[in-house]
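Everything on this sheet refers to the single structure shown next.
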Amino acid sequence: MADPPGCCSTCATCLLCPYSCQWITAKKEKRKGLRTTKCDCSWFLFLFCVFLFTLVWLYFAIIILNDFHNFNEFIFRQRKLWLDWSLVLLIATAVLISYSSVLLVLALCLQLCGQPLKLHWVHKILLILTALVVAAAFTGLGIKWAEEWKSARISLQATGPFLHIGTVGGMTLLAWPLASFIYRTRSTGLRVFLLLVYWAAMIALYLAPLGITSPCIMEENQLPPKPALVGHRGAPMLAPENTLMSLHKAVECDVQVFETDVMVSADGVPFLMHDEELTRTTNVQAVFPDRAAQSTAFNWTDLQQLDAGSWFLERRPFPTVQSLSPGDRNETTKQRIPSLEQALEAAKQSNISIMFDLRPENHSDYQNFVNVTLGVILQSGIPLQQVLWLPDGFREDVKQQAPGVQQVYGRKRLKNEKEPVLHVNLPYQDMSSEEIRQYRQDNISVNLYVVNQPWLFSVLWCSGVSSVTTNACQVLKEMKHPIWLLPSSTYLMIWIVVDCVSFLMIIWAFILLKKCSHRRRPAESETDVLLTKINSLMQE
């Protein structure tokens, strides 16, 4: 394989020590006859693949942060343990990517210096473990959280142009160690193979923008209006979810709709609560330690005894909790479970709409839940057009008793709809940009949930979505423009310039390193002859 031409002793030691876990100087390498074998090259290829594998996982980890609060809630329901698992994910991913990156940089530097790539067995074991951990993470993601694959595809609409530029830049820099290896190796077949693979990859990258599509590649005057904000359980990053404080914080964020969840108490009072158990968002275990925590098993008097705010300060479901003012902290501790009547009154006074699910859908007395809830709405005096009805159960009865209530469907429209669908409420993964545009042209309001990250909000904004349900209303409120917006002509120019600069730099790298290799060979030949003579004399 490649012959190490020698390097300064200090550089060889500094590079070989962490990579090979040996203190070897350049002269000792010559004396020991160390070479980069085929096995060493195989381990370098494995290292490169592990680096790419962990890099892809890092990308996924960043993308799924938009939905990670759902994962935290899922773990709590299963294990009754609250922890911000996103921190664990990011720390573990950072460790894996840092480790593989450092090893890869060391290997590339060793190759440029002509040193042997003798990867230590400890690193080999750790690389295998890294690959297994990342593979397990991807497998778990595919089994338990398959919708995140759709999120990744959507994210490419936001990052595709920039990933292209970054990948072209990385592959261009790779030309230097590749050229160094090609000019040093003695195998003609290996040279041809590496060149063919490298240039095939580069040509594919140069043409990749032909397959890159993004709704944000458009002219400025074509940008649709900014989507309206729907507060997911209010403003859950600023106040305890499904409380009046959360509703008021959402109003301060300029949301147009307060989205919540309604349950009915044992004595027939509709109240705001998402979980079927009261454990996560109240102190029910402290107040009623001997009772089951089922939400619908408590009467309204018992529910009013529960603290619905202190958990927010104790568990800190979002990092924003740390920045609450003393006044907000004090108000948080005073929160109680609000009734639907109280929420409707607050929505009416704030002039915002209210949209809700009625839970649990599989309850044996669900029809009575619908009737009781509808009765509270009709008695509240709120304009019915400010009420957005989500539950599918007994929808026809609701239409007859309260025809002014806006019906919102949790599905796409059907081909043979008996009545026109005017509002749909879907996960953001379930609608493509093309479908959003088509619904917009047909005057169908599309609300997508749950959208927390600015990159995702930008893609949906460019697609023309009507509104988004969000936990981060205070963040999206401040966005006056999508994160990026490029006219197609500008993107075309960037594409051509990047590809041309990359091509010229690769050619320059190969030419420059070829000249360096020619200059080095005479000196290396003289050194080899001298060493041979010294060896012969010593044997005599």
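Glycine too: its Cβ is placed from the backbone N, Cα and C atoms.
From a predicted model like this one, the values you see are computed outputs, not experimental measurements.
For reference, TrEMBL has these:
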- 41-65: transmembrane segment (TRANSMEM)
- 85-113: transmembrane segment (TRANSMEM)
- 125-143: transmembrane segment (TRANSMEM)
- 163-183: transmembrane segment (TRANSMEM)
- 190-212: transmembrane segment (TRANSMEM)
- 227-480: domain 'GP-PDE' (DOMAIN)
- 492-513: transmembrane segment (TRANSMEM)
Contact between the transmembrane segment (125-143) and the transmembrane segment (41-65) (at least 3 Cβ pairs under 8 Å, separation 6+): yes
Segment-level pLDDT (mean, integer) for the domain 'GP-PDE' (227-480): 96
Highest-contact recorded stretch vs the transmembrane segment (492-513), from 41-65, 85-113, 163-183, 190-212, CB pairs under 8 Å: 163-183
Long-range neighbours of the transmembrane segment (41-65), counting only residues six or more past its ends (CB under 8 A): 1, 71, 86, 89-90, 93-94, 96-97, 100-101, 103-104, 107, 117, 119, 124, 127, 130-131, 134-135, 137-138, 141, 145, 148, 151-152, 155, 159, 453
